[in-house]
């Protein structure tokens, strides 16, 4: 018997059943327990959501930016008031430790919504004189109805990252959460309605890609798609969106990010950063610094520091506040990670720790993989080239700065990069040469609301967060005004 009642679709400010009557199970990855049966949206449900969104968007866009901001700020207050309950639901659905979801997932999502509620009023056009009797002005107008497809690792945070700029700019959004972790997106829809968002302005359609995801990207009345997920799926989404109606797209995709530890680095600081860049959220973070480059002479000292820190990881029940490392999100994903680990062993990487599924006691019921560190890695190894999206750190050695940068850039990805050094001149020199959209110096992982985030190369298109993203949810209208009598040549 599932823990929760059937989860319906959220269309037009209320819960409705899927028209096709199909459902899918959502599982707690720490225990294998079925949490709920969730209704699977289809094309007919999408059409209903689009109709609802179009009606709601007209009402929403007619409000002043001040009025829209007040409603969004009420939603922020409700999110913060319900932080603990939402965090617990997120932990049940994702397997992430409660210590994480309480302090990061809802908190940072609410921060982004608050940011856009504040800057929405700064979305202004320009007035430019052309000559004595003529000028033009520009308007930033909402796109209309936009679609978004979320990932399973940060469900409510990603939903808010996508909804906040879209709604602040006057759009309506149809959001498809990952079918693996859809529960908190539905709660977010409730909160928006309670805060005063007009019906239809934020609809949630759980379901798989075949049943609703493709239909969302192809729908002719959806003006933009924002997608977070893997690069292979991103290519399909982009092709579908462009071939159907030339939709605009924003994509935050995969990564295989480098972390360069410089010869003058504080090795304790570098080890702390490497641990967070690989094992936070059990390694299920797109920006993870999974390729750690360390000077050859410092390899053994650095290995020792990493191994000492692995011993401090508290693996266990995600609902236990002492736990700092939980299961992977699903059995299928666990199997994929384990296959990559076996590939690393077969290709000659030296296993320092981990490398297996954890099955002691209650852990056997969940999808736990031990924190894994490989050393003696080479650039051609599969574990170094491919995104694993799990707790697998690959340690590589280098001899000089130019070599480190060249090898760090030798990837089709370009999402993130980091440098550890006390020398700021060196830090800037290296960062400016690294081909990545998000870079950190002597830190890792923070993405505050005002900071645009997104990738180079095959790690993404466009940006999330920051003022530029608000503008990306608008289209610019240019209007010329002639004050003198128009002179025709005919």
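Cβ from N, Cα, C; glycine included.
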Record-annotated NAD(+) site (Swiss-Prot): member among 33, 387, 401, 403 besides 150, 151, 152, 176, 177, 178, 179, 230, 231, 232, 233, 254, 286: 387
Long-range Cβ environment of residue 93 (K(+) 1 binding site), under 8 Å and at least 6 residues apart: 26, 28, 35, 155, 181, 182, 183, 184
Residue 460 (K(+) 2 binding site) versus recorded positions 152, 162, 180, 231, 233 - nearest by Cα: 231
Spatial neighbours of residue 252 (active site, proton acceptor) among the recorded positions 152, 231, 457, 464 [C-alpha, 10 Å]: 231, 464
Candidates 180, 248, 457, 464 (recorded positions) - the one closest to residue 231 (NAD(+) binding site) by CA: 457
For residue 150 (NAD(+) binding site), the number of other Cβ atoms found within 10 Å of its own Cβ: 27
Residue 179 (NAD(+) binding site) to residue 457 (K(+) 2 binding site) - Cα separation in whole Å: 27
Residues that sit under 8 angstroms from residue 457 (K(+) 2 binding site) by C-beta distance, when 6+ apart in the chain: 411, 412, 413, 414, 435
Binding-site residues listed as 180, 286, least Cβ neighbours within 10 Å: 180
